[in-house]
Each structure stands twice: as structure tokens, then as C-alpha cells.
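*Asks:* Features from TrEMBL:
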type	residues	note
BINDING	R33, G57, G58, E78, H123	S-adenosyl-L-methionine binding site
Amino acid sequence: MSTYTPIQHDRHFDDLADKFARSIYGSARGRLRLRLIRERMQAELPLSQPLSVLEAGGGLGQTSAWLARQGHQVIMAEPAEAMRERARLRIERHRGIVLDADIQALVHQLPDPDQQFDLGVCHAVMEWLYQPEAVLPALFKHIKPGGWLSLMFFNEDALLMSNVIKGNWEKVLAGRLAGTGQRQRLTPISPRRPDQVFPWLTAQGFDIHHVSGIRVFHDYLRRQLPPQAKPELLVSLERRYMQQDPFWRLGRYILVHARKRHLSHQV
């Protein structure tokens with residue numbers, strides 16, 4: 001049996017840009033994820049007006065490019081060079097800015113170190129950090145009072161359920177759900193449960209307004225489906241139940257839209 005030894009540092013993706021493009025965004029599940037995220041952002045955030053946007057850990061730049069195309073002023077930070085250069089091609093054509101920075105170093109890379117934004121975006125980043133809760137103070141610092149945070153994280157409860165369904169019972173009982181961050185694997189090193197992340201947000205100074213489970217059904221489906229199981233029907237089911245209890249709790253990702261309190265409302 002191999003030794004279970006997770007890495008003790010953040011996981012960046014210079015070596016996995018191709019796999020990300022193929023597995024995360026080039027697959028049906030990746031396209032579903034992106035579709036559901038954009039629908040919730042459009043419905044729940046004030047995107048009808050021009051916003052200043054900071055995306056931390058923007059990866060290949062899909063979300064930043066989408067926001068920049070709508071006319072928002074976007075700065076995206078990404079520490080992995082291979083990911084960043086692909087994102088640059090998408091974003092700079094829409095007058096966005098791409099920075100070489102991880103979340104902890106944003107203050108040193110922004111044009112103005114005290115700059116604050118109307119919207120902060122941090123999707124699928126926390127789970128690749130050795131200390132995921134440390135992302136929130138950095139994001140809080142760079143969001144205006146009354147501004148919004150779109151945070152998405154990999155759900156540990158969904159990871160547990162998935163492993164039970166696959167028959168990985170020994171792994172579940174031993175608590176070995178997280179990835180080790182080694183080799184070409186995309187199992188996150190720091191998945192977290194909603195009941196861990198939500199208190200971090202409120203303690204930091206955010207009020208949670210909307211919570212959605214992203215892919216609450218898709219990842220649990222049998223491989224062989226009957227002919228009447230049409231993909232668009234599954235999309236409709238995802239939309240219907242993604243914010244209903246208990247289904248949202250089993251989303252592969254949890255998407256949170258929270259608002260930064262004004263100073264007078266800080267606890």
C-alpha cells in the first residue's frame with residue numbers, strides 16, 4: 001500500500017495546463033459547471049452595471065474573459081505561467097489585465113496596492129491551498145465595503161459521497177479523501193465542508209446572500225443511462241435543485257455569493 005503523504009504547500013498548475021483545458025473545461029461536466037456558474041452570477045450579482053473585478057487564481061481565464069466581454073474592468077491574477085499565458089490571450093483583447101501573482105502576493109502586484117474592487121472572484125482555488133482559510137483576508141482587503149465576493153470551493157461532503165458510491169470505503173473510513181498534490185492528479189489537497197467555510201466568511205466580515213450546489217446530480221449518475229435521459233433535462237434538474245436543501249449540500253462545488261459589510265456593520 002502506498003504511503004498517504006499530502007504536500008505541505010500550495011499546489012500550482014504549470015504542469016497541468018493541458019489537463020485542465022481537457023478535463024475541467026473540455027468535458028461535459030466542465031461545460032455544465034461553467035454554464036451553471038455563469039447563470040448564478042448573472043442572476044445574483046449586479047453585472048448589469050460596469051464593475052471593477054479582481055479574479056484571484058483565474059486559471060485559464062474563462063470567467064475573467066466572460067466578464068471582460070461584458071464591459072467590466074477586470075484584473076486577473078494567476079501564479080502558474082502556462083495557465084496565465086493562455087488566459088492572457090483571452091483577456092487582454094477585452095482590455096483586461098493579467099498579473100503573475102498568487103493570492104497572498106496580490107498586494108505587491110496590483111497597480112495600486114490599496115486598490116479595492118466592486119467584485120472579487122475566487123473559483124476553485126481554496127481547495128488547492130495548504131491553508132485555504134488564508135485566502136479570505138486577502139480577498140476582503142481588496143473588495144470595497146458593500147462589494148461582492150463570488151467564492152466557489154470543492155465540497156468535501158460531495159467527495160465523501162462520490163468515494164462511497166465508487167466503493168472506496170476503506171479510504172473514506174480512514175479519512176483519506178484529500179489528494180496528495182503529487183503527480184498528474186486533480187483531486188484537491190484541501191477540500192472543505194460548507195459548515196467550515198461559511199463561518200470563515202462571516203467572521204472575516206462577509207454576509208452570505210446566495211448559496212448554490214454546482215453539479216448536485218451529474219457526478220453521481222450511472223455510466224449507462226436510458227435513451228430518455230436527455231442532457232438538457234439534467235440541466236433543468238440541476239437548476240431546479242441546486243439551491244434546495246438537502247440537494248445543494250451534495251454539489252461537487254459550493255458557490256457562495258457574499259457581500260462585504262460596511263465598516264459600521266462589522267461584528
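Please read every residue number as a count from 1 along the shown chain.
Including glycine, each Cβ sits where the backbone N, Cα and C put it.
Show me how these features fit into the shown structure, please.
*Replies:* The C-beta environment of G57 (S-adenosyl-L-methionine binding site), restricted to residues of the same chain at least 6 apart in sequence and closer than 8 Å, consists of A77, E78, P79, D102, I103, C122, H123, A124, V125, W128.
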*Asks:* Could you state, as a whole number of Å, the largest distance between Cα atoms of any two of R33, G57, G58, E78, H123, the listed S-adenosyl-L-methionine binders?
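*Replies:* With R33, G57, G58, E78, H123 as the binding residues for S-adenosyl-L-methionine, the largest Cα distance is 20 Å.
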